[in-house]
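Undergrad: Got a structure here, written out as structure tokens. Questions coming.
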Amino acid sequence: MPELLNPAPVAHLRHLLRAHSPLVHCMTNDVVQTFTANVLLAVGASPAMVIDPREAAQFAAIADALLINVGTLTEDRAVAMRAAVEHARQAGKPWTLDPVAVGALTVRTAFCHELLALQPAAIRGNASEILALAGMSAGGRGVDTTDTAAAALPAAQALARRLATVVAVTGEVDYVTDGERVLSVAGGNPLMTRVVGTGCALSAVVAASAALPGDRLENVAAACGLMKQAGEIAARQGGPGSFIPAFLDALYQEVQG
């Protein structure tokens, strides 16, 4: 049975982010780069978006953590991502995979399955993405999920056990597992699905949390909790137009306040 995340790991994550300010190398999609960078800054991390194949490998060894998000995958970007992951591993730096639309599109599905052999520290995806990554479903409708997070939990657990990693399957309730333990994270607001980039930005915060000391499962679950809390606060402003600035303010005040 999943254990509900309690407030203590979220409070501890805030402290760790302030104390360590991890540098996160975000090889993320073109749609969300600015928002992702601003979210990382709001939580006390430092973002960098280095995507040229000639530089990505070098920088991956410098950064504290690496995020691979395949949302706008290209052939050149795949080369850069592969090199970055390999150099991050050689340097002992954790990397996180966000398998955007895996299962719905064949090229990215094959690429993400290839990357799984390179031992991600964490994986963050919606239910359809995690099911497809685990080989249990054909996938969802692009970036949208057609399954519930609870339905994908067995796939997440199997994937986590097979890869010795932490898997976060996110939705109305998030489930975070290392294959044995499962933490559930409730909260958030439907407005989080009506603006672009909240899931991708969460993956960046997950990447930051994976670089921090302590229990990685709790750190990743706390990252989910931190984002859901900010979403609840930001939704009080009204609609999607006011949501993004309110969300950034809420994150900043949660961590720095």
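Quick reminder: no glycine exception, Cβ is built from N, Cα and C everywhere.
Reproduced below are the annotations present in Swiss-Prot:
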type: BINDING; residues: M49, G197; note: substrate binding site
type: BINDING; residues: R124, T170; note: ATP binding site
Undergrad: For the C-alpha pair, I'd like the distance in angstrom between G197 (substrate binding site) and T170 (ATP binding site), rounded off.
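TA: Spelling it out, the Cα of G197 (substrate binding site) and the Cα of T170 (ATP binding site) are 14 Å apart.
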Undergrad: Across all chains shown, how many C-beta atoms besides its own are within 10 angstroms of the C-beta of R124 (ATP binding site)?
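TA: Its Cβ shell of radius 10 Å holds 32 other Cβ atoms.
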Undergrad: Whole-number answer please: how many Å between the C-alpha atoms of T170 (ATP binding site) and M49 (substrate binding site)?
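TA: Their Cα atoms are separated by 24 Å.
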Undergrad: Between M49 (substrate binding site) and R124 (ATP binding site), how many Å separate their Cα atoms?
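TA: Between the Cα atoms of M49 (substrate binding site) and R124 (ATP binding site), the distance comes to 19 Å.
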